[in-house]
Amino acid sequence: MSWFSGSTVPVADLESKINEATSESIPNGELDLAIALEITDLIRSKKIPPKQCMRSLKKRLTTTHSNPNLLTSTLKLVDLCVKNGGYHFLVELSSKEFIDYLVDYIFKIHYNTKDSYVIENEAKYKVGSFILSLIKDWTLVFENQTQLNYVERSYHQLMNQGYEFPESEVGGQLSNKFIDSEAPPDWIDSNECMICYNPFSLMNRKHHCRSCGGVYCQTHSSHNSPLVALGIMEPVRVCDNCYEKIKSKNSKHLSKVRQKKTPSQPTDEDLDDEDEQLRKAIELSLRETQVPVSKQIPPPRSPSPVVANNTGEEEDEEMKAAIAASLKEFEQQERMYKQQPVASQQGYQEPQSEFYRHILPFDQQDPSYQNQNPSQQPQMTPANHAEQYHLKPQVEDLSQQEEESINLFITLMNNIKSDPSKQANILYDSNLSELHGKIIQLKPKLNKSLRASIEKYETCLELNNKISTISRLYDQFLEAKLNQAYGNHTISSPYGGPNQSFQGPYPSQTSNEYVPYPVDQRVSSPQYQQSPPQFQNYSSPGLSQQPTGYNNYPSIGQASEPSNQPPASESMQNTSQNPQEPPPTSFYPSYYQESDSETTQTNQDNGTPPYYSSKKTSEGNRNEPEYPHQSTYPPQDLNGSFNQNAPSQPNYNPPLPTEPSYPPFEQDDDAEDHAAAKFPSINELNSEEQTTNTGGKDDNKVPSMPSMPQFGQPSQDTDRKSKLVEEPLIEL
């Protein structure tokens, strides 16, 4: 049963706060102190029954007993609730249900300091020692409390069992005051008002005061006020007597704070007004942001010494710290103004960069540009550039403490905005007023820092744009230079000729041109002694190039200059006037073979020797082919230099000669006579046989077949003579 109807906090909310305060994300067994204090206020305000609060903490111990870090943080939360939860919660916590579970199950089973496994595990041993230290501290705190004596009984049992309790750091300072936390009192039931003593009826209803627990009528319990000392942060119903006590206590506290803040000034109601304080803060901010033009900045005035109060009240520690901080800040400001140069005290003019002014005449109407001689233009050195930017004052950023103050003020204002009950008591919150004054003083500094950051961003953005433009121009200039360099690139001839420039990529090969392989000049042959004409543009029409086993090289005209190449019509005329011979068969085994008639006719018309000539051997009339006497060396001029129009090819070794193929025998008009002379007819053989046997007299005798020649015997056709073809002379 909850004490206050309409403001009951569910148990799920309490359990979620407990889980959040002892979260796994918090390392080293620590807890979130802010949420833990909210839990203690929730327990102390009696919004949730104390037994249910104890069972929620016990449930968290059950779920985290296997993790030493989470168990340590949960035990720290339980200890904080013991010191701030109120006496009604201590009664439930020191009951047999919670203490036996903590000692008999968690400590003796999982974290027993006598167990060897726990002793070897350092983390578990620390948790066991921490449980023993908590039981010892609670025993000292609950001393002479009859309702809390079960903790002391468990402590003596553990001592009798031989457990050693660690020495507590604050054991000698612990007393009953550690658990003296105010809690809402129990309600008193009565049939009449405790102030006017009017009996309660249907029209005069009964109300309880949350501060004292008494029963009052509507007339004497119409005030609402937060009870911070009892852990109640929202305004609740109080009686007239309790309201006057709370009001007098708050007024004394406010007057004490005002006397400490302004002890030399007389207390006046106008000075306490919030509007007056806001006006002073605005004037102070305007005075700080104002920049003098020609006047010297006056040094800050030293703060007047604090006059001791005649009442003899001791100064608060926070006020002493504030006075020390103000004195330290005054000394720093005075030291800064002494070190500030006189030139910087005059009107500050924003420096203008001269780095990009004289690159291009952007503004020729500028008088500084017209009056200045280009030869006398000052050069922008890095030192001068650094000196100009060194004169610019540096804006101080917000410190970490100032940022925390701003964030705290924002958080408090958001809480007040969401809670309408706190808005009525905002005038009585002295801490919030003091924090508001500090935030107002930080506003000019924050504006300066923001303006400096924006200017720095714009400057960096402008420099980035300039760098991008310059990089693009440089890339375009470099690309143009590279294209020009590649266009003028030349390749020298391997035979000492003039350089040949490449204009564009290699043209595609549209014809299959046979180019003889160059032969090293060191290789010589006795049978190649004549210098034949130069081979140029020999191609086989209608025949694809056959693989020869060697690398294919480009044609002659592919790597030559355009000025050295004759037109296509001139090339055809030169070919018809000066026909050239194909390459030797030793270089190209597979070549196009012309018919005998075409070869003979071409040789007779041009007066050139045939491709092959036959010579008579000593063994008989057998004709064997004879290779043409042509050199495979590049053609040379009269002065011994190589021809420039010769193909530019690397100097490879000559390939090995292949098996020559015999050309077809020449056929003339007397071929039938030759065949008849060499191979006589059957009639001639019969007549010759008859003449041989009968001497030409016996014609009726049957002729016999000629005898076949035996293997190894010399041929009997030596008398037969073949008609030799006369070899024409070679034109040199």
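Along the chain as shown, residues are numbered 1 onward.
Each residue, glycine too, has its Cβ placed from N, Cα and C.
What Swiss-Prot says about this protein:
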type	residues	note
BINDING	CYS209, CYS212, CYS239, CYS242	Zn(2+) 2 binding site
COMPBIAS	491-513	compositional bias 'Polar residues'
COMPBIAS	542-579	compositional bias 'Polar residues'
COMPBIAS	592-607	compositional bias 'Polar residues'
COMPBIAS	629-651	compositional bias 'Polar residues'
COMPBIAS	652-663	compositional bias 'Pro residues'
COMPBIAS	683-695	compositional bias 'Polar residues'
DOMAIN	23-166	domain 'VHS'
DOMAIN	273-292	domain 'UIM 1'
DOMAIN	314-333	domain 'UIM 2'
REGION	253-274	region 'Disordered'
REGION	289-318	region 'Disordered'
REGION	364-384	region 'Disordered'
REGION	491-732	region 'Disordered'
Which listed residue (CYS212, CYS239, CYS242) has most other Cβ within 10 Å, given these are binding-site residues: CYS239
Env. residues of Zn(2+) 2 site, Cβ within 8 Å of mean position of CYS209, CYS212, CYS239, CYS242 Cβ: ARG210, SER211, GLY213, GLY214, TYR216, SER221, VAL238, ASP240, ASN241, TYR243
Overall pLDDT of the domain 'VHS' (23-166), taken as the mean: 90
Number of helical, extended and coil residues in the domain 'VHS' (23-166), per DSSP: 106 helix, 0 strand, 38 coil
Three-state secondary structure, which DSSP defines for CYS242 (Zn(2+) 2 binding site): helix
Cβ neighbours of CYS209 (Zn(2+) 2 binding site) where a neighbour is any other Cβ within 10 Å: 25
Three-state composition of the domain 'UIM 2' (314-333), taking helix and strand from DSSP: 17 helix, 0 strand, 3 coil
